[in-house]
């Protein structure tokens with residue numbers, strides 16, 4: 001009766017280690033399955049991205065224009081159109097044709113203290129542009145979300161000078177679209193001003 005119910009030490013170790021070994025094996029299988037499923041999802045995602053072609057490859061919207069004066073309470077945005085600029089200026093406003101995030105950078109020096117506000121959407125309040133050197137210098141950069149039909153323009157106010165008499169040195173406005181995959185309005189067809197005579 002001495003040895004009944006008591007197993008030799010080797011058998012105890014073997015029986016005790018088997019369940020732990022099974023759990024480790026099951027855990028490894030589960031982790032491998034999760035990794036395989038994740039890899040499969042990544043491959044499917046990449047394949048879908050390559051197979052879906054964008055509806056229209058529109059150029060990145062960008063503008064670099066001189067700011068040379070003031071007209072009707074707005075800073076005058078000059079037009080220096082070149083092949084790399086894709087945005088249009090109308091009535092001292094930059095017209096936004098494509099949705100996305102845009103970087104807007106303004107710099108310049110004034111001979112008097114001014115206050116400048118950046119406007120871009122009718123239902124939004126303007127962004128106050130902080131000034132340097134007692135309100136006579138601006139170096140301002142902001143990233144904001146703009147959409148089709150928005151108009152970017154700058155209003156200026158000087159306490160003792162009329163808008164038309166403001167003097168600006170080295171004024172420049174740069175607008176660059178950072179995310180070019182949003183909606184873009186179709187480009188307007190070229191309209192010729194030449195009179196056409198029927199044949």
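Glycine too: its Cβ is placed from the backbone N, Cα and C atoms.
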Correct range for transmembrane segment (source Swiss-Prot, candidates 26-48, 49-71): 26-48
Residue 157 (N-linked glycosylation site) to residue 163 (disulfide bond) - Cα separation in whole Å: 7
Spatial neighbours of residue 163 (disulfide bond) that are distant in sequence (at least 6 apart) but have CB under 8 A: 70, 71, 72, 73, 74, 156
Conformational class of residue 184 (disulfide bond) under the three-state DSSP mapping: strand
